[in-house]
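Below you'll find the structure, written out as C-alpha cells, and then a few comments.
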Amino acid sequence: MADKSVLIIYTGGTIGMVNDPETGALCPFNFEEIAKAVPEIKEFSFHIDSYTLPEIIDSSDLQPAVWAELCKIIRDNYDKYCGFVILHGTDTMAYSASALSFMLNNLDKAVVFTGSQLPIGTIRTDGRENLIAALEIAAATMDGKAVVPEVCILFGAKLFRGNRTTKADAESFNAFQSFNYPPLAEIGIHIDYNYSAIDYSPRTGQLQTYTGMDTNIAILKLFPGIRIELIDAITHIPGLKGLILETYGAGNAPTNEQFLTKIKEATDKGIVVYNVTQCEGGAVEMGRYETSRKMINCGVISGYDITTEAAVCKLMHLLDKYKDINDVKKYLNLPIKGEITPKRICS
Ligand code: ASP
C-alpha cells in the first residue's frame, strides 16, 4: 500500500455544483472545480487521488445501484489507500452512509462521506472545511491502523457514525444530527476523537462486500385520521416484503381493531412490519404502552432507536441476503453495524 494515500470519490451534490447559465438552477459540475477551489489539499503530507463517477448526480436522483458502484470502487482500491472520502449530496447522504455500512463487511479503514450546503466555489462555502477535515480523518492512523474504521459522515465540525445520522436541517451548516449516538469526533483546533464511541471490535477477515438490496419495501407514516384504505392499499402492493411503520413516540399506534387487523393480515402473509419512531431521538419500546403492546401481538418487529434512513437500508439489505423471514427478523433485532443501541433493547 502506498504510505498514506486517500481516494476521493466524487458522486455529485451541492459541493461541486455551479449555476446553470440558462436556468440559474444549481447542477453538478466536475471535480477539477472542487480541487481548484481548495488548493490546500495539495499541502497534505499524504497523497490524494480522485475518482469521479461516470454520472455525477444531485443525490435526490440516487438509486441503490450507486451504492453497489461505490462498494466496488472501494473494494477494487482497498489495498492502495488508507482511507476513502466520498463527496455526496446532502439530501440522501444518510441513506448512502447507512447502506454502505451494511454492505461493507470487515471494514478496517475510514470511509468518510461529506458534502456541503453551499457550492465550494462560493465565498462562504462550508465545503472547504468539510473536505479538509474529511481528508484528515480518512488519513488518520494510530499504530498503523485507521483511527475511525467505520463508514461515517463528516459535516459541520462533527464526525458521526453514518448509520446513526439524519439530515435534520435544510439550511444550517450543521445539517446533520445523530440523536441517539454521540459524535465519533469533534473538529476544533484539534480533531478530538471520541475513542469509546468508535467501533474497534475485531474484524473477522478481509473486506467483503454484499451489495444486493431488495427494494420491495414501503414506509407508512402514521398520522391522526389515517384512512384504513391507505393502509390496505400499501399492504397489498404486489411483491411487498417489508413495511416500515413510522409510529408515534415510543412506538405507539392506534389500537382500533380495523387497524390492528390490517397489520396482522400483513405479517400473516409474510410482510416484515418494522416499527420505527417518528421522533428524532429516543427508542421504540414495544409494550411500554398498551398502544404498542398490541403491535407485538400482531408480529411487528421493534426498530429500537434506529433512524428511518438506516431502517430502510437495513431492511433492504436483510431481505436480499436472507431468504428465510425468521433470519431477517433475527438480524433486525440485533445491532449489525452499530445502528441500534443494545442497552435499549428490551423484549
Ligand atoms: N440537492 C443536493 C444533493 O443532495 C443538496 C446538497 O448536496 O446539499 O445533491
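Positions of Cβ are set from backbone N, Cα and C atoms, glycine also.
TrEMBL does not curate its annotations; it predicts them automatically.
For 6-197, the entry in TrEMBL reads domain 'L-asparaginase N-terminal'. What TrEMBL records for THR14, THR90 is active site. The active site, O-isoaspartyl threonine intermediate annotation in TrEMBL covers THR14. Under the heading substrate binding site, TrEMBL lists SER59, THR90, ASP91. Per TrEMBL, domain 'Asparaginase/glutaminase C-terminal' is recorded for 216-331.
DSSP assigns ASP91 (substrate binding site) to coil in the three-state reduction, placing it in neither a helix nor a strand. Note: the Cα of SER59 (substrate binding site) and the Cα of THR14 (active site) are spaced 9 Å from each other.
Looking at the domain 'L-asparaginase N-terminal' (6-197) alone, the prediction's average pLDDT is 94.
ASP91 (substrate binding site) sits 10 Å from THR14 (active site), counting Cα to Cα. Among the record's substrate binders, SER59, THR90, ASP91, no two C-alpha atoms are more than 7 Å apart, and one pair sits at exactly that spread.
Cβ contacts within 10 Å of ASP91 (substrate binding site), excluding its own Cβ and spanning all protein chains shown: 18. Secondary structure by DSSP for the domain 'Asparaginase/glutaminase C-terminal' (216-331): 49 helix, 21 strand, 46 coil. The Cβ neighbour count for SER59 (substrate binding site), using a 10 Å radius and every protein chain shown, is 20. A separation of roughly 8 Å, to the nearest angstrom, links the Cα atoms of THR14 (active site) and THR90 (substrate binding site).
Cβ-based neighbour count (10 Å, all protein chains) for THR90 (substrate binding site) stands at 22.
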